[in-house]
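Here is what TrEMBL records for this protein:
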type: BINDING; residues: A:E58, A:D78, A:D81, A:D208; note: Mg(2+) binding site
Amino acid sequence: RLIYELLFQIIRKALTEEKQVSTKTSAADLVTETDHFVENLIISVLKEKFPSHRFIAEESTAAGSKCVLTDSPTWIIDPVDGTCNFVHRFPTVAVSIGFAVNKELEFGVIYHCTEERLYTGRRGQGAFCNDKRLQVSKETDISKALILTEIGPKRDPATLKLFLGNIERLLKAQAHGVRVIGSSTLALCHLASGAADAYYQFGLHCWDLAAATVIIREAGGTVIDTSGGPLDLMSCRVVAAGTREMAMFIAQEIQTIHYRRDDEN
Amino acid sequence: MSDPWQECMDYAVTLAKKAGEIIRGALKEEKSIMIKSSPVDLVTETDQKVENFIISLIKEKYPSHSFIGEESVAAGEGSILTDNPTWIIDPIDGTTNFVHRFPFVAVSIGFVVNKKIEFGIVYSCVEDKMYTARRGKGAFCNGQKLKVSGQEDITKSLLVTELGSNRDPETIKIVLSNMERLLSIPIHGIRAVGTAAVNMCLVAAGGADAYYEMGIHCWDMAGAGIIITEAGGVLLDVSGGPFDLMSRRIIAASSRPIAERIAKALQIIPLKRDDATN
């Protein structure tokens, strides 16, 4: 818990200051010093306490670390989820820490920095937000669904056409609405709390999925691959919903936007 | 000389707070949902209850004032704006969010005299954020002064908009192609939280650089519009001309260059004005 207090102070402070911003894979894929600083802090603190554990983290991967999940106890970290929001001071920013052993996701923690909400999930022990138990929505009908998504980093014309085309299909199916808040982990937490009925995205990463998957499943929800098959943590795509029916409907409706896998070289 | 409308404004803040309490209470309960102009244009008893609450209390204190309220208009009341002091009210902006318990729901009150917005109040009641602005006196959120981002470069901008409640295929095509054009400029991104009033307040607070939408109503814009201008932002019509409260459309931006660049990218959706008489 102490680590979080420190981290959140850092991020909150950084949220009010000027930022040096760079880009990664595209003009919309941003990173700042705070991303690096927070990641290094988390990893060094954990390494000290658990010297044999492994790490998969966003900025280390960008710097060249391999993104392969082994059987070893592994921490899967997004130091600042919603970096674009962070840069703009759009108040939806989170720290996400997931943990896997024998390639199985064991627990996850997501902290909403400006709202001071801590989402947690431990396999077999339920999911919570600040001690309140989380329960997904039981909606199965697309025409009563509130859906969340994110645009993803690719902005080429073909990708945009597919992205907007997917929204068009869901609106035509009479979904109540589609929301975009700029942080995939927090959007997935809204799903876990029952405030939305489904989430889908192409172009997110294993460090966005690791913690949220446990939280959603422990809240009673379904997390699968966009093909309708089981979740593939390194595939950079996901469909999550309160019910299996909702998840399968969306998986069938949406067209694939291709992204390189996290474990591809 | 004292401010003739300050008392009205203080009263409006009190009412917005109380309305927010009613909404927060209702959020915990089951809801009966009805529909209005389309199967995704939702309304609940809480919308109606909150609007009646606000209007009856204002009528008691200011019996000569006029009202334009979302649910009253839906029930057949007029929506012509005169010079008379007029309260323009959206009891729950973000009813779809309210129905789903998605935590962006606001009470919006705009006060207009001689067709000029004098003050605006937007209470984002789940977040407990009270946004206010009095003409000439600045914009605030929970006592903190608001300032827009000032961003002038569209390629570094974060925009907010909504998909709307119109499910007519032609309209959906225009809405999405407008987004496509903007995303292709390129810009940093687009956000949609589900309420026009809160979207606009996020721009006023500097968290986003502009909001645009076609298809909303005067009661969605009257409260937040002045919050944006008092925070240093600009309001523009989607055609690039001056903002028109009854036109059903708006660009609210942190700077004129951003507003004008957005206007250039938008294909206009034909809409019936709020003050149309047929």
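In case you wondered, yes, glycine gets a Cβ from its N, Cα and C as well.
A map of TrEMBL features onto the structure.
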residue: A:E58; record: Mg(2+) binding site; Cβ within 10 Å: 25
residue: A:D78; record: Mg(2+) binding site; Cβ within 10 Å: 32
residue: A:D81; record: Mg(2+) binding site; Cβ within 10 Å: 32
residue: A:D208; record: Mg(2+) binding site; Cβ within 10 Å: 28
A:D78 (Mg(2+) binding site) - helix vs strand vs coil (DSSP): strand
Additional residues around Mg(2+), ordered along the sequence, whose Cβ is within 8 Å of the centroid of A:E58, A:D78, A:D81, A:D208: A:I77, A:P79, A:V80, A:S96, A:S184, A:T185, A:L204, A:H205, A:W207
Local backbone state of A:E58 (Mg(2+) binding site), from DSSP in three classes: helix
